Every structure is written in structure tokens, then in C-alpha cells.
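The next block holds one structure in the form of C-alpha cells; read it before the comments.
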Amino acid sequence: MSELRFFTSTTEVQANHILDLLSLEFGEEDYAIATTEVDEKRDIWETSIYLMFDEEDDILARVNAALVTEFPDLPVEREVIPDIDWIAKSLEGLTPVRAGRFLVHGSHDRDKVRPHDLAIEIDAGQAFGTGHHGTTAGCLEMIDSVVRARRPRNALDLGTGSGVLAIAVRKLVNVPVLATDIDPIAVRVAKENGTRNGVPNGIEWRTAPGFHSTAFGEFGPFDLIIANILARPLMKMAPQLVTHLAPGGSVILSGILASQRWKVIAAYNGAGVKHVRTIWRNGWVTIHLQ
């Protein structure tokens, strides 16, 4: 089914405020909401929400209701998104990525693997996480560092996407890993990636929204929890996430802009874990707490 977006065109300050209003309206639901700079000189920004055609009337009404008080005369525009696999298209020709001892590469770059690399083969596809984004690469580097310092007895990869982080843990240490994602397609792709990378066993792949699954009680508590999601849901889930952490365990968080770092750290300090280290990559941060 094709996708479309509703969007507004405003200044940067207004765009950020609209983003907050739409996030309040749709924050608990699975809609992508984003701001994009269109014209730097004229300070024109677009704030967009992406949806499917069959949701059009309901979502437009909710967008208008969310904005009417503070932006009563602001037009909400509509655009159909071309039916193109943008993930695969944008990642064509990407070179291998090194992060710690890991080398993440596509199947076309197998010849780039060195004898001592911990190689992970991930092709562009339907799930996030090929190592090229600063958040994924930062997590891989932090996993290498944390596991070197203290071998975990088990691990949780929350929001596994392509499965690259769960696969990385298994390549470092032979311990059980629970990998979950809200998207069943991502879970299927991740499981296939695990088999392709020589770890068909030892990773339990589960479809689970947030912590709403019996799997967390079944396999936890965890010595290592990794969550590469986004700052807002990470902050919201802080108390619940920490309840699944074993005493002395480590938390690795990413999907966080550098400007959001202290807010996330504060949320997790309040939940009982303290900041250990931060890695910066391309405007994104990966945080280790314990």
C-alpha cells in the first residue's frame, strides 16, 4: 500500500513547536514525525507526518485539531510518497563500516573482511541497522568496549531492527541474547541475518511492543541491555527498562541526538543507573550507564 505525508511549511522555531504538538497527539502510536530544513536562507522548514492512504481522513482531522489553537490559519499540505524502496536505494554502494573490532559490510564487500575482523554481513533491506548510521556504529563500538571490560551472562537487544547488535553480542561472547522488535517483518529479517552470520542459535527473536511480552520475565534480568531507538521513548521507558537490569548490569542507549544527551542521562539517573561513558558519531550519541 502506498504512503503519503501531511506537512506544514514554517520557520524553524514554529516547526519545532509543531513537532512537539504532533508528538503529543501521536506519541503513543507508530507514526513517523519529522522536521526538515527546506531553505536555509529563508528559514523555511517542513514538519511532516507519514501515513498510509487508508488512514488519510482520520489523521488529517487529528493533525488539524492538534494545531488549530496555536496555528489556526496554517495550511496542512498533502504529498504522495513514491513507491520506492528508499532504504535499499540510499544504501547502494555504501562501503564497509568499522566500529571497534566489528566490520559491518554488505554481501558485495565480503572481500574487504580481514582475518581478525568480527565481520557482520547486513544487506540493505526492510529493517533498520546496517552500521552506516551513527547510532548503530556507536552501539557497536560501545558493545565492544563494555563486553571487553565485563563479560555479561545474558543480553537484551530492545528494538533489534536488522539484528546487527544482537549478532554483534553473540559474535563476542557465547551467551543467550533476547532480541525484540515491534515490527514482525524486522524480526523475520533479523532472524535471517542471524543465520547468515553464523549465529542461528543463542538468539531468541521475539515480536514485542516495548516491554509487553512474557519473554522479558522469562529470559531476564539482563546483564546487558541495548536500546537503539529514539530519545523520547527511551526516556519514557527508563523506569521499566531498569527493572529488567541485573544488579551491576550495563545499559547502552542510542538513537539520541547530542542535544538530547543530558535529558536522557537525567531520566536514567532518576531510574537508578549512572552515566559511565558517551561516544559521539555524526551528531548522534551512544551512552553507557551502569
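Just so it is clear, glycine is given a Cβ too, placed from its N, Cα and C backbone atoms.
Every protein chain considered, the tally of other Cβ atoms within 10 Å of the Cβ of GLY159 (S-adenosyl-L-methionine binding site) stands at 23. Taken from Swiss-Prot, the feature S-adenosyl-L-methionine binding site applies to THR136, GLY159, ASP181, ASN228.
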Neighbouring C-beta atoms (10 Å sphere around the C-beta of ASN228 (S-adenosyl-L-methionine binding site)): 27
Around the Cβ of THR136 (S-adenosyl-L-methionine binding site), the count of other Cβ atoms that are within 10 Å: 28
Other CB atoms within 10 A, centred on ASP181 (S-adenosyl-L-methionine binding site): 25
